[in-house]
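In what follows, a structure is listed as structure tokens, so that the remarks can point back to it.
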Amino acid sequence: MTLITDITLRRILDSRGNATVEAEVTTESGGFGRGAAPSGASTGEHEAIELPAEEAIEKAEAEAVPALVGEVDAIDQRAVDDTLHEVDGTDDFSGIGANSAVAISMAAAKAGADELGLPLFQHLGGTFRGDQFPTPLGNVVGGGEHAEEATNIQEFLSAPVGAPSVTEAVFANAQVHARIGELLEERGVPANKGDEGAWAPPIGDDEAFEIVDQATTKVGDELGFEISFGLDMAAAEMYEDGEYVYEGEDNRSTAEQIDYVAEMVDEYDMAYVEDPLDENDFEAFAELTDRVGDRTLICGDDLYVTNVERLQEGIDKGSSNSILIKPNQIGTLSDAVDAIELGADNGIVSAVSHRSGETEDTTIAHLAVGAAAPYIKTGTVAGERTAKLNELIRIEEQV
Ligand SMILES: C=C(OP(=O)(O)O)C(=O)O
Ligand SMILES: [Mg+2]
């Protein structure tokens, strides 16, 4: 037994400058772990509830800390996460806040790993994990809820599917990002950056497709392996009164949206499309997956919110062949792993993901390796993004 002996919660800054929750967990024999909650901007309607940081801390200090300290073994991640659910008493973590829950869950996992003297990915995944690395999906151009006056589509993602190692894939995405900067400059397009460090140029989606295609092809040719690309359309954010609203273009009906995405998949041979349709439209997702799911990944983020019940509905309806995994959408690492495993048992490919508001926390890099997720989406260049990417490079060196 290695009981948790202390939990400290505090407010720290996230990458947008907002307050978020950081947790520190200490165990009986000196194990220590620290975890911090990320925060989304284009959040799904069905996500677990993030409370204002101060309130989440107060509630967790009153309810969760006394139930964990001196009571639960830090190595037993299921027991930690079950306790968080019990004391919260709701099905969406609105009692203590999903931000407090996920920070404690991640800090306890790290304390457990420290206690065992194991890297976190191995504590999470077990002895036989650590030999499969995710392909990093790198946000290189974007707009939507992540940047003003930029593309309608939230994220254009470099996808180095042919990279021989995760290290080479990480560097490839950085090179694509740099190449896009040059292309924008050549075109005289002034480009700021969005919340995740992707270029946020004032151009239409069509031009962004062209530029990203050009950059991924060029860098892929230079490096000698395939770099495809993909999208996060975050379509729930565009969906108003039964139509997908595109600034500067005609709106699209659901049928037109499906046609548009299917055409773009084939025109650009895209590897991945996240949230192409509204977060409640399991049926439209299924129609699109039926059309193009044999040649690309159709991924549900806001559709599933890392929730096994929603994922089961998607499996039953054939809505997608991929799921995005965000631990803070559901509140604990155990719930996130359950979603990855339910997906894997049903041929659904997982992509473990950051949020647009992030911290230096690197847990998701370990989660992706420990759970053998085929993809990770965690940005390309900004410091809170490279924290995870650099951790993947270190993990690859260790195994
Ligand atoms: C990372 C994303 O953005 P956010 O964290 O704002 O939901 C996303 O939509 O996949
Ligand atoms: Mg998304």
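One-based numbering along the chain as shown.
Heads up, the Cβ atoms here are built off N, Cα and C, so glycines get one too.
Here TrEMBL has D232, D301 binding Mg(2+), and the candidate from E207, E263, E267, E274 in that same listed site is E274. TrEMBL names Q154, R355, S356, K377 for binding (2R)-2-phosphoglycerate. Of K317, K326, the residue it gives for the same site is K326.
According to TrEMBL, the residue from E155, E313, E341 that belongs to the substrate site alongside H146, E274, D301, S353, H354, R355, S356, K377 is E155.
For the domain 'Enolase C-terminal TIM barrel' (130-399), the mean pLDDT of the prediction comes to 97. Each residue contributes its Cα atom, and for D301 (Mg(2+) binding site) and E274 (substrate binding site) these two points are 7 Å apart.
R355 (substrate binding site) sits 8 Å from E196 (active site, proton donor), taking the C-alpha atoms as the reference points. Contact annotation for recorded positions (E196, D301, K326) versus ligand 1: D301, each with CB under 6 Å from a ligand atom. Straight-line distance linking the Cα atoms of D232 (Mg(2+) binding site) and S356 ((2R)-2-phosphoglycerate binding site), rounded to a whole number, equals 12 Å. The Cβ neighbour count for S356 ((2R)-2-phosphoglycerate binding site), using a 10 Å radius and every protein chain shown, is 25.
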